[in-house]
């Protein structure tokens, strides 16, 4: 047997007892096997073993009551519901009227319980936030807010701008005329009565279904207008002009597809097609082609100069100047060697002498790291009475060529000895 919340505090909100047809008062019985519509019995009919059609007296049942605590041991579920209904009826803050409507709690008890469990409760605050987000998503069926700007244009009635905005009324956040504006006329004379024939009843239901489809089409069109910011047509056109001419033409062609995708997805769709079109790809090809031709001219420039320069001394001066302009190239790998490291402003530079600074520039090692490696090598050399290159490489986990240069430099300076 489960204790479940009732339909509401008003007994007229509950279905009547299936046995005596009286209004149900808590606690009452619900059959757990009969359905899908609930089979409810009052306690008197349940104790008499009332049976009806498929319902039998030995079926499993549930006791329906709200007399159990939910948020506070001193408040039952029925009192919680009564408090929420009283706050809705009397307004938040009118605790005297709320307590008068509840009858069972005082003004202070109502205020403290509501603030503790429904305002300052983090569980309910997150739930209320999710409910607010759901309500905002459902608000699409209501008024259309103007999203591109906080204050939309307010043109005079029947002006050119008003017609461009499709009769949008900013004060009401709605349109002057709806899509299929006279759809309600087909329903104004329809009345469902008991003596209608089956054919006439089906025709009336079909008319109502047609009207519902028109309402859905209205909401669909309003959603497109709201999501794409089409209320202010001129502002929308100005945003389109920000694209290149080719993309603007593609926008005009692909505009009909905007109704099946959101604004962000539609913009991505347009931009992706613009990138794949022949125009941009041809531009990329021409740019790469010019770069390739420039590189080819640079490679042939030296041959052209040597062909036309007959003076050997002038040729030698020109080659010297050319070598000074370009950094040296490693013959083994064909890669340009890295330029010396600039030590200006690096921490620890003031602790180095001129030779150590030159080493750090060539090896491209910051002064702080060099000082740490130097101290580690000196300590290991004093401990063992000497140091080999293999030991230095195992002690300093950096590039082996840099370790070799640091090791040789410290040997030349007399800071360490070979083992």
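Placement of Cβ uses the backbone N, Cα and C atoms for every residue, glycine included.
Note that this is a predicted model, so its numbers are computed, not measured.
Here is what TrEMBL records for this protein:
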- 12-69: domain 'ZZ-type' (DOMAIN)
- 70-122: domain 'SANT' (DOMAIN)
- 75-118: domain 'Myb-like' (DOMAIN)
- 332-419: domain 'SWIRM' (DOMAIN)
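Break the domain 'ZZ-type' (12-69) down by DSSP state and the numbers are 7 helix, 13 strand, 38 coil. For the domain 'SWIRM' (332-419), the DSSP counts in helix, strand and coil order read 52 helix, 3 strand, 33 coil. Using DSSP to sort the residues of the domain 'SANT' (70-122) gives these counts of helix, strand and coil: 36 helix, 1 strand, 16 coil. The average pLDDT the prediction assigns to the domain 'SANT' (70-122) is 86.
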